[in-house]
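Student: Annotation source TrEMBL lists Zn(2+) binding site at Cys192, Cys195, Cys212, His225. Positions annotated as domain 'UBP-type' by TrEMBL: 168-276. Feature annotation from TrEMBL assigns domain 'USP' to 319-763. The domain 'UBA' annotation in TrEMBL covers 634-675, 710-750.
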Amino acid sequence: MAADLGELLVPYMPTIRVPRTGDRVFKSECAFSFDSPESEGGLYVCMNTFLGFGREHVERHYRKTGQSVYMHLKRHVKEKNTGAAGGAIPRRKNGKVFLDLELNRDFNGEDFEYEDEAKLVIFPDHFEIPLPNIEELPALVTIACDAVLNAPSAYKKQEPESWEEEIQVSRHARSLRQLDNAVRIPPSGWKCQKCEMRENLWLNLTDGTVLCGKWFFDGSGGNGHALEHYKETKYPLAVKMDTITPDGADVYSFEEEEAVLDPHISDHLSHFGIDMLQMQKKTENGHHTDNNSRPRVSEWEVIQESGMKLKAVFGSGYTGIKNLGNSCYLGTVMQVLFSIPDFQRMYVGNLQRIFDYSPLDPSQDFATQMAKLGHGLLSGQYSKPPMKSELIEQVMKEEYKHQQKGVSPRMLKSLVSRAHPEFSSSRQQDAQEFLMHVINIVERNSAGSENPSDAFRFLVEERLQCCQSRRVRYSQRVDYCIQLPAPFEAATNREELLAYEAKRREAEENMRAPPEPVRARIPFTACLQAFTEPDNVPDFWSSALQAKSAGVKTSRFASFPEYLILQIKKFTFGVDWVPKKLDLAIDVPDFLDLSRMRATGLQAGEEELPDLLPPIVLPEDTRDNSMGSADSPEIDEAAAMQLAEMGFPVEACRKAVYYTGNMGPEMAFNWIIAHMEEPDFAEPLTLPSMIDLGPSISDSPMGATPLGNSPPEESIAILTSMGFPRTHSIQALKATNNNLERALDWIFTHPEEEESDVLSDMA
């Protein structure tokens with residue numbers, strides 16, 4: 001018999017592989033369905049690709065690839081027979097067969113026992129070879145079978161590669177000195193303390209200064225003030241502001257010149273009022289916990305209708321999604337998407353075509369995995385009522401507790417969260433962020449075909465208005481979701497809220513139990529009204545004034561989607577950075593009239609803002625400030641003094657005159673009114689140094705060029721800082737009317753000419 005099996009497997013030996021390090025073995029779930037070893041037909045694992053297939057899909061894989069040898073896995077689950085001793089120990093047959101197996105069924109191991117069965121199946125004749133069969137099988141086949149049976153879960157994260165450089169703990173972390181300067185960092189609204197940058201900001205962990213990072217050649221980054229501050233103070237560690245989470249933050253050591261770890265980051269941040277430990281004290285649903293709060297009926301219990309006898313439902317459209325561990329955001333989003341006809345038609349309606357044209361590895365194909373989940377949710381195949389015999393037996397035992405299996409979308413989660421630092425983790429996530437992430441993937445995978453996410457797509461018209469010139473600018477952007485504020489001042493039960501607050505304070509003073517909380521009830525129309533209200537624009541630069549000014553923005557719908565996704569912003573941050581959920585209820589009417597939110601475009605009598613860009617501000621030269629600085633700015637001192645006589649600080653008046661382009665006291669006065677609340681309002685006017693990256697025109701061998709014909713020195717400096725020759729940069733700017741973007745295109749389409757040609761052109 002051994003010789004017969006050996007001869008039988010000889011033609012297939014080249015297609016049988018032993019799993020190597022990095023190979024994923026899918027022995028718990030079909031690539032096209034949610035069949036598992038527990039399913040009626042079991043699971044077939046290809047001995048070459050190690051993909052798993054249910055009974056109705058294995059033939060498709062055989063026809064497409066020609067792979068003939070599969071391992072058939074079957075698990076028989078039975079309820080344990082309890083004896084007089086109160087139960088027997090679970091019985092296992094071939095106990096190591098399904099090592100590290102993750103299945104779709106939830107059952108209590110104390111109430112069930114199971115038997116595992118494995119065998120090799122050769123297609124197309126379905127010839128079966130029971131396992132284990134060490135004596136009769138060739139050594140290579142035996143080794144391959146044993147490796148497949150003992151392979152870890154396909155969804156376990158791989159260990160990091162040995163060549164990856166690990167971030168080391170900073171030598172300054174343990175002994176870092178922090179100044180007692182009473183600095184407290186707010187949870188939002190940061191900007192560099194030396195300029196007005198609001199991105200790429202770093203918090204120095206010694207003195208709490210917030211400064212911008214270094215400048216990059218493409219104009220991104222910052223002005224290098226964080227590094228400059230280190231050179232002045234030698235305070236070594238800084239943390240990037242937008243990376244601070246309950247799990248840690250990005251820390252950089254200026255002295256060690258690399259990213260580092262700070263084991264004491266929580267203590268270092270709490271010195272400036274950022275309490276990471278409190279940020280972690282949230283429930284799984286993301287709610288801020290309060291140990292002193294009085295236990296009461298939770299929203300979840302109300303939704304679940306706790307204490308009521310509910311009738312279980314089964315069939316098409318009634319299939320649940322199992323929680324994979326803090327994955328309720330994924331289940332919520334997917335149930336919503338597959339309730340939309342566009343997604344049903346795209347993925348479930350085209351199921352056979354998607355499966356037939358799927359790639360060789362369907363586990364990595366987005367369309368296949370979406371079709372698989374959609375079919376699982378809508379077919380009713382995984383939501384079947386119990387058999388009549390099972391139901392009678394359960395009723396007799398008075399323990400009717402049958403629940404549907406549901407589906408476990410591990411394969412889809414692994415695919416859509418790949419390389420995403422948050423969604424690939426097992427932490428709780430925001431459902432709206434995940435929805436936008438999925439829509440982006442749908443967009444990328446729908447090029448040239450029907451795009452189901454168009455059902456959510458709409459255009460937003462944004463109207464910007466300069467408050468001084470009254471001129472406007474209209475623009476449009478694509479969006480899929482609108483975020484609405486929840487205005488507490490619009491609550492319809494304000495008297496109840498005031499009475500509750502008075503009782504709560506009285507209870508605290510008298511050390512009594514707090515009263516039953518009262519929830520604010522806010523009309524949905526008030527949320528919409530808040531969305532349409534004008535919004536102040538920080539750091540608005542008016543092209544009409546050629547200066548910073550006060551600006552407001554209003555938003556309207558330029559088009560309406562078929563399905564409008566709304567998010568009520570019910571979370572806020574306290575001064576201690578701890579996220580807190582606003583306890584409120586939104587009263588949503590059955591019908592909404594959004595006609596008043598429709599965009600109107602440019603109206604009669606409105607004047608558009610000029611299509612001009614803000615002046616280019618170069619970063620300061622942090623390498624050598626002694627190389628020279630820009631010439632003193634031209635300021636109409638008479639206009640500045642006229643404003644100073646009105647009682648404004650002299651330096652503020654000089655800045656107002658400068659930033660309004662010496663257009664007179666009236667325009668400068670408007671600038672002062674718009675910027676009086678800024679912390680640096682009265683500080684002296686500081687302009688960035690000019691970086692001299694090349695010889696001046698007068699020093700060049702080409703001779704002097706009249707000032708009126710010379711491009712702006714700022715533009716020349718930007719191009720030369722990118723590595724382009726000064727003469728070539730001047731040529732490009734002159735040929736494009738000093739337009740930087742067009743000058744770059746000109747440089748790439750006009751390679752540098754011989755010097756003689758340059759001289760003749762510049763003469």
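Counting starts with 1 at the first residue shown.
Yeah, the Cβs are placed from backbone N, Cα and C, and that goes for glycine too.
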Student: How many helix, strand and coil residues does the domain 'UBA' (634-675) contain under DSSP?
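Tutor: Output for the domain 'UBA' (634-675) reads 29 helix, 0 strand, 13 coil.
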Student: Around the Zn(2+) site (Cys192, Cys195, Cys212, His225), what further same-chain residues have their C-beta within 8 angstroms of the site's C-beta centre?
Tutor: Lys191, Gln193, Lys194, Glu196, Met197, Leu201, Leu211, Gly222, Asn223, Gly224, Ala226
Student: For the domain 'UBA' (710-750), give the DSSP counts of helix residues, strand residues and coil residues.
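Tutor: Its residues divide into 29 helix, 0 strand, 12 coil.
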Student: What are the sequence-distant neighbours of Cys195 (Zn(2+) binding site), meaning same chain, six or more residues apart, C-beta distance under 8 angstroms?
Tutor: Cys212, Gly222, Asn223, His225
Student: Taking the Cβ of each of the binding-site residues and counting other Cβ atoms inside 10 Å, which one has the highest number: Cys192, Cys212?
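Tutor: When each Cβ's neighbours within 10 Å are tallied, Cys212 tops the list.
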Student: By a simple count, how many Cβ atoms lie within 10 Å of the Cβ of His225 (Zn(2+) binding site), its own Cβ left out?
Tutor: 25
Student: Just give the helix, strand and coil counts over the domain 'UBP-type' (168-276), going by DSSP.
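Tutor: Helix (H, G, I), strand (E, B), coil: 19 helix, 23 strand, 67 coil.
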Student: Note the mean pLDDT of the domain 'UBP-type' (168-276), expressed as a whole number.
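Tutor: Summing pLDDT over the domain 'UBP-type' (168-276) and dividing by its length gives 86.
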